[in-house]
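S.K.: Structure below; questions to follow.
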Amino acid sequence: MTSSGKIRIYELSKDLGLENKDVLHAAEKLSIAAKSHSSSISDDEAKRIRGLLRQGSAANSAPPSKSEPGKTILSVKKAAPTAIKDVAPPMRKATSSSEISQVKPSAPANPTPTSPERLSRESVAHPAPPTRPVNPTTTPTSSPPKTAARPVNAPISRPATPSRPSAPTPRSANKPSSPVPPSTGSKDPRAGQTSTSSKATTVSGGGPRPKIISRPQSPAAPGRSAPPAKPSIPSDRKAPKPELVGRPKPKRPVVAPPSRPEPEGQRPDKKRPGISPRPIGGPNQRANTPQRPGAPIRQGKTRPGQPRSAGNTLELVGKPIRRDRSDAGSAGRDSNNRPGAPTRPGMPAGMRKPVAPGELMQLQKPTGRPGTPPPRRPDGTSVGTRGGSEGATPPVERPASPTAPKRPGHRPAQAPAAGAPRRPGRPDWDDSAKLEALRNKSPQKQRQKVHIIGENDDALTAETSGYAGEQQAVVLTASLARPAKPKSQKKPASKPVAALRKRKKETTRQRQRRRAMELRAAREAKQVRPEMLIVPEANLTVQELADMLSIESSEIIKSLFFKGITATVTQSLDLPTIEAVAEEFGVPVLQDDIEEAAKKTTEMIEETDLAHLIRRPPVVTVMGHVDHGKTSLLDAIRKARVAAVEAGGITQHIGAYQVEIDHGGQPRKITFLDTPGHQAFTAMRARGTKVTDIAVLVVAADDGVRPQTLEAISHARAAKVPIIVAINKTDKEGASPERVKQELSDQNLLSEEWGGDVVMVPVSAIKGENIDKLLEMILLVTEVEDLQANPDRLAKGTVIEAHLDKAKGPVATLLIQNGTLKTGDVLAAGPVLGKVRAMVDDSGARLKQAGPADAVEALGFSEVPTAGDEFEVYPDEKSARAVVGERASDARATRLAQQMASRRVSLAAMSGQASDGELKELNLILKADVQGSVEAILGSLEQLPKDEVQVRVLLSAPGEITETDVDLAAASGAVIVGFNTSMASGAKRAADATGVDVRDYDVIYKLLEDIQMAMEGLLEPELVEESLGEAEVRAVFTIGKSAVAGCYITTGKLQRNCRVRVRRAKQVVFEGDLDSLRRNKDDVKEVATGFECGIGCDRFANWEERDIIEAHKLVTKRRTLSSS
């Protein structure tokens, strides 16, 4: 099948199991243009051709019900084993839909039987020319008793006009025909063919009725031939006569199977459709007409679509029929109603009897070999026997098993030409006949073929090859078939399997087409674009972006090319470019998807806890913009002063505090989490929201809604927790709580006073106003939420913060969300294994155990755990270590990917910048007090412009600065940056010895500013044009070849060797250096405003009055980082 929905002729023939020429012939009948086997036709035309071929195949393969003219095949089998010595009367078989029967009377002149040896010599040495018989009829003859007949093929007559087979109807194949004596006469040929039972010829004399074999599919087994019957005087009895049968009128027109067009000289006369061929001796029939034998057809089942002409015939057992030389007139037609091939001189004019390959040797040599089968007579009668006794029982051949359709491997050979000369002492067959003789002798070959090809039989070759010729080949194949050996009886059953397996084998074209379809389907399935693109890092390569968008990388490269950007698949793209490309393909971009970090992914309460749940304290996260008073509000609640001791007055850690208050006469606990408000601590805020139950949003009354306020709102909504708004700083001048409510209403946070569902409480942290009301609202919302946990199980929770203490080692702040944590418990926090050695609360008091919603600091981890990881207590260390091992490998892979992403730069960009001297890198080693601070600083560094200077963080970890860090910095030329940490012993001395720059910060603002200034310091300073002044030309003085301009300084000043630009009528006519500056014939360095001077330039002398001279100089200026 071609890609345009067409099919080629050879592919259609392969599907139908036919030859190319058969399909071409069918296409010609349907007026379909097809020149050769490689021509393409449409699916509709292919369907028409298939219908035509299948219709013809069905018509030819059905059991025949009515005989047709010109298509008779008579097959005679060996007699069944009986003791009867009488001659069995031969019977003529009823014709099938594609056959016509004609029984020839025997006409030899000798009334006595002749021995086989004598006949062999006579037939070889003296072939008799064909003679014209005088109205012969058959009479009963005597023959040697109990000799089996060799299969005989009847001469086949062909009408003068082409005929189409009529629609066959089923008939009984086992019903014997009544014996009828033949006679010659002119009678309507259709009269003898209307009955469903076949009419046959008999010989006079009573005898047993011939036994009819009910399995017509297998060819007759060759046996011993009986002596031919003697001719007798024509009889005058009235009986249905064997005669040339004309063309009956078909009841229903049926399309004939496609066949090869006949040569011009062999086409029947279409103008005389009603004329039947006459026997020899008639007025319109010539004697000695050249005859051709039918083409052989392979043994066994016919192929699909092929008429089974021989397979459906009745096989008769009895005495063979003697042929007369008068058969020549009607034997000149083949089974397809075509003229036959001419016979050799001396041979009868009728169809020559096909002989087995073993008998060909006897025919070609003057004397026969002893022990070889005797040849046949030239008149068609059997000469000798194979030496069997009278009582020998011939083997009964069973029909072969159906075989799968199989295309012929070569063209079948045909009979030699009649006029071909024969050299004495030399066989006249070709090599193909020898080859086929060897094949016929092989017991493994079931499809017997005999090809007797003459030199001048090109037309016969064309007719008998392929689909059309196989219909004729059954006659020769059946006559030459030998009994199958018992070994090979089971082999035909395996042939259909082999044929089917061979047909299932894929060709190269089919395999390529299948792979192309699979690739196309996979590409179409892959092109399901995501609804939203989440960019985890600041940049992506073209290939990574193509994979995330489920498109080809070439599409992105083409899109970038149209935007003026030349990129490769390994090119790194920054966030603006990624957004532009993604929007072009209709996919929005979200960077770092901070909302995902705030979503609650793990359910802490399991099904086994449902029977043991009790109320637990709420976890409240205080969120809001920087400097809006979150920590001051917590100080007012806790009655402490944490804000006063914080560096820079801002919170840079997440803190966990537990407050116990009296509510309704009962003590109630509330756990508060204080989150940073600086923009660098987005991950900390998201972490706090992930574990919280209630979010308290602090908004300053004098500042309103700010960016981090909006971020806190999105975090709370992502975590699906209730929001309580605390409007702080109501005591300050300019405070407007109503304005804050209005701004919050724009974010779908509507106050209860305005008909919404959000609790808003105006408070003052400094004066302590409405603090009790805020706590009451928190407890009220807690009761509505119905927070519960199971304290009687092993603890589960989240790591809020972690850091490396100089004395205590790794320390983690844990929030227990379910169960009870006890000292000595073995827990796994992400990829870190720990055993609780000690626990302290927010006030520093040691604890033995901690229940749900408690926040504690735990000691005893193997290393600093990652903030935000969930921890779980295991019953023993073995199970915990197994879990940690799996997580550690995943954590290493993730950490390596992040490090590679931080230093990712495309090779093309690096080589280009290096060639221009623009490649700059700043190597950093970052040490901080807690994991959250490291996370915040790394996130801020990602936001810095990286077009001209790349920041590479070689090492980032919580803890103090060690001597190992100093050695790494010295080897890589890095700067050590510490945040709220100290230097270990020996690190300071090592840094001084190696000259490593160590910076320590306690406020994140200053740290980020210094890093940005260091990055700008790596940039080359740029030259900036600085204006000096202007002067106007008042007069021009010519001195030799040069000229001097007398000028008046209008603004600024002029300096010698400065850059000048001469403008004339707003056009620049010269730009260069000022070489000479004089005042009153003295060289001066500069001239100020309001003075006159003379100016000379070595490369310019075309001064004119009223020219404007602009003086400037180039100065270096520190470059700043550009975001583009």
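Keep in mind that glycine also has a Cβ here, set from the backbone N, Cα and C atoms.
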S.K.: If you check Swiss-Prot, which stretch out of 624-631, 736-743 is marked region 'G1'?
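M.R.: The listed stretch tagged region 'G1' in Swiss-Prot is 624-631.
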S.K.: Need the matching range: Swiss-Prot marks region 'G2' on one of 19-23, 649-653, 819-823, and I'd like to know which.
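M.R.: From Swiss-Prot, the annotated region 'G2' range turns out to be 649-653.
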S.K.: Count the other Cβ atoms sitting within 10 Å of the Cβ of D627 (GTP binding site), across every protein chain shown.
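M.R.: So the number of other Cβ atoms within 10 Å of D627 (GTP binding site) is 16.
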S.K.: Across all the protein chains here, work out how many other Cβ atoms are within 10 Å of the Cβ of K630 (GTP binding site).
M.R.: 29
S.K.: With a 10 Å radius around each C-beta, find which of these binding-site residues (T675, T730) has the fewest other C-beta atoms nearby.
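M.R.: Candidates: the binding-site residues T675, T730. Fewest Cβ atoms within 10 Å: T730.
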S.K.: Once the chains shown are all counted, how many other Cβ atoms turn up within 10 Å of the Cβ of G624 (GTP binding site)?
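M.R.: Summing over all protein chains shown, G624 (GTP binding site) has 28 other Cβ atoms within 10 Å.
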S.K.: What does DSSP say about G624 (GTP binding site): helix, strand or coil?
M.R.: strand
